[in-house]
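Taken verbatim from Swiss-Prot:
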ACT_SITE  Lys51  active site, charge relay system
ACT_SITE  Ser126  active site, charge relay system
ACT_SITE  Ser150  active site, acyl-ester intermediate
Amino acid sequence: MITLKEALNKSENELKEIKTLLRQRVKENIELNAYIGEINESGSGVPILIKDNINVKGWEITCASKILKGYVSPYNASVITKLHENKMCAFGRANMDEFAMGSTTESSCYGRVKNPLDTSRVPGGSSGGSAAAVAAGLAIASLGSDTGGSIRQPAGFCGCVGLKPSYGRVSRYGLIAYSSSLDQIGPITQNVEDAALLLDAISGYDKQDSTSANLPSLNTFKDLDPNARYKVAILKDFLKDATPQIQEAYNHTIKILESMGHTIVEKSMLDTRYHISAYYIICTAEASSNLARFDGIRYGTRSESKNLKDVYLNTRSAYFGEEVKRRILLGSFVLSSGYYDAYYLKAQQVRKKICADYESIFNECDSILLPIAPSVAPKFGSTHSSLEMYLSDIYTIGVNLAGLPALCMPVSKDKNGLSIGMQFIGAKFKEQNILNIAYGLEKEINN
C-alpha cells in the first residue's frame with residue numbers, strides 16, 4: 001500500500017483511484033471484518049480510516065455497541081477538522097471493541113476482527129480494526145484511541161506503528177469518552193515517518209477541549225533525525241511476566257540500540273501489578289460515569305417499557321455488551337460511599353506514585369524501552385477470563401496513567417511469522433525523542 005508520505009504528493013484524481021482500490025480491497029478481505037458497513041468519505045484528500053468512537057458529521061457512530069445503533073453524528077471531532085485542513089479526509093469506519101473496552105476486538109456488536117498475519121488470532125484491541133486494516137493494506141493510515149494501550153497493542157500484534165501522544169497533545173473533542181483522564185486519539189501507520197506526519201496534522205491546542213495543552217504546533221516530521229542518540233532506560237524486572245520469545249526480542253532490541261550508539265541505563269519501577277490495579281479502578285470509575293448518558297432517552301436504541309425506571313433498566317441490560325456491563329458495575333462499586341476511600345482514593349495515590357517513578361527516570365533518561373505485551377497475539381478463545389485479558393495490558397497502562405507519549409513499532413517476528421512489537425516511552429510532550437529513536441531503529445532493522 002502507498003504510504004501517507006507518498007499519498008500527500010498525489011493529485012486528487014490519483015487519490016480517487018486509490019480510494020476505489022481501497023474499496024475493492026476491503027470487499028476482497030471482508031473476512032477480516034476491519035471495516036464497519038458502507039465506506040463513506042468526508043471530502044477530498046488522502047483517505048484516513050476512522051475508529052468508530054470518533055465523530056464525523058453525518059456518519060453513524062456506534063462505538064461498536066447496539067445501544068448506539070442508528071445514531072448519526074451532528075458534528076465533526078476536532079481531529080477530523082484538522083485532517084481536512086491538512087489535505088486528508090475521513091474514509092470508512094474501523095471496527096473496535098465495544099466502547100473501546102477490550103484488548104482483543106472481540107466484543108464488537110459487528111463481530112470480531114481477525115489478525116491479517118494469522119486469522120486464527122486476535123488483532124489486539126480496542127483499535128483492532130484500525131490496526132488490522134493498515135497491516136492488511138486496506139488503509140493508508142488510521143486514527144485510533146488509546147486508553148490503556150488500545151493503539152499500541154493492536155499495532156504491535158499486527159505489525160504496524162502505533163503512536164499514543166501525550167495527554168493533552170491531541171484534542172479529545174468529538175471522541176466518545178471511555179475514561180476521560182486516560183483517553184487519547186493517535187495514529188496507526190505503516191512506518192514511523194507516517195506516524196509523525198499524522199501526529200503533526202491532528203495535534204494542537206483546541207479551546208473546545210479543556211484538557212488540551214496550549215503548546216506550539218508540532219513539526220515532528222520535518223525534525224525527524226535518525227542519527228540523534230539518547231539515553232534509553234530498560235526495565236528488566238518487568239520482563240518476568242513475558243514469554244521467552246518476548247524477552248529474547250527485548251534483549252536483541254537493546255543490543256541493536258547499543259550498537260547504534262544509544263546509551264542503555266537499567267532502571268526499576270513500581271511493580272506492574274500496582275499499575276493494573278490502579279488502572280482498572282480509575283478507568284472503570286470514569287466509565288461508569290461517562291456511560292450513564294446512554295440510557296435510551298436522548299439518543300441511540302431504546303427498549304419500550306411501561307415506566308421510566310424500566311426504560312433505563314431494560315435498555316442498558318439489552319443493548320450493552322457483557323464486558324461493558326462488567327466495567328460499569330465495577331466502576332459503580334468503587335465509587336460507592338462505602339468503598340470510595342478503600343479503592344478509588346488509593347488508586348489515585350498509586351497513580352501519583354507511578355507518575356513520580358516515571359519522572360524520576362526521565363530526570364536521567366530520554367526514553368524507556370518496554371515490550372508492548374507479554375506475548376505475541378493470542379489465538380481466539382485462548383483467553384479464559386476477563387482478568388487474563390486485563391493482564392495483557394501490563395506494559396501499556398502505566399503510560400496512560402502518567403499521560404506520557406509512547407510509540408510501538410515492530411522489531412521482529414516469531415517462528416510463526418507473528419509480529420513482536422516494542423514501545424518507546426517518552427517524557428511528557430517529548431514525542432520528538434521517541435519518534436527519532438524509533439525512526440533510527442526502523443532504518444537499522446530494515447537495512
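Numbering starts at 1 and runs along the chain as it is shown here.
Here the Cβ of each residue, glycine as well, is placed from N, Cα and C on the backbone.
The two recorded residues, Ser150 (active site, acyl-ester intermediate) and Ser126 (active site, charge relay system), have Cα atoms 5 Å apart. Neighbour counts of Cβ atoms within 10 Å were taken for the active-site residues Ser126, Ser150; the minimum is at Ser126. Counted within 10 Å of its Cβ, the other Cβ atoms near Lys51 (active site, charge relay system) come to 29, all protein chains included.
The secondary structure of Ser126 (active site, charge relay system), as reduced to three states from DSSP, is coil rather than helix or strand.
Mapped onto three states, the DSSP output places Lys51 (active site, charge relay system) in strand. Lys51 (active site, charge relay system) sits 10 Å from Ser126 (active site, charge relay system), taking the Cα positions as reference.
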